[in-house]
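Per Swiss-Prot, topological domain 'Extracellular' is recorded for 1-42, and the stated evidence type is sequence analysis. Look at Swiss-Prot and you will find 43-63 tagged as transmembrane segment, backed by sequence analysis. For 64-156, the entry in Swiss-Prot reads topological domain 'Cytoplasmic'. Taken from Swiss-Prot, the feature domain 'HAMP' applies to 64-120. What Swiss-Prot lists as domain 'Histidine kinase' is 128-156.
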Amino acid sequence: MALVLAAAGAVTVVQFRDAAHEADPDGALRGLTDDITADLVRELVTILPIVLVIAAVAAYLLSRAALRPVDRIRAAAQTLTTTPHPDTDAPLPVPPTDDEIAWLATTLNTMLTRLQRALAHEQQFVADASHELRTPLALLTTELELRCAGPDPPTS
């Protein structure tokens, strides 16, 4: 037999031994703890799956929100690599936070700037080399055309 007393917000459970547990002096306490354990297991089996689902959904949403800046950087880099003539002056987006993702975006933008400068130097070198090669070839072509066109001019 159990008696539950509630007063001033405190709950007290008083368990009286019954005749079935007369031979066992701790029978009343053992029966009470078995009941409490069974209730606790039943509540955990009911509540734990719900808590796990809520935690999984919260973790998924939180990770998506945390990785959104990385996805923006990835999309901008993908645009740069798939566009035939990308706007290389448009940098990758840098999130307004002062964390590793912002540092990564800043570093990638610095690298892109250096690559643009290197490409510009290479294009200038090719243009200069092309000009330097065309000038002697043009002179040779002109001289050959003149020689093929007529007799040699008199030499003095």
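Placement of Cβ uses the backbone N, Cα and C atoms for every residue, glycine included.
Model, not experiment: these values are computed from the prediction.
Looking only at the topological domain 'Cytoplasmic' (64-156), the predicted model's pLDDT averages out at 85. Residue counts for the topological domain 'Cytoplasmic' (64-156) under DSSP, split into helix (H, G, I), strand (E, B) and coil, are 69 helix, 0 strand, 24 coil.
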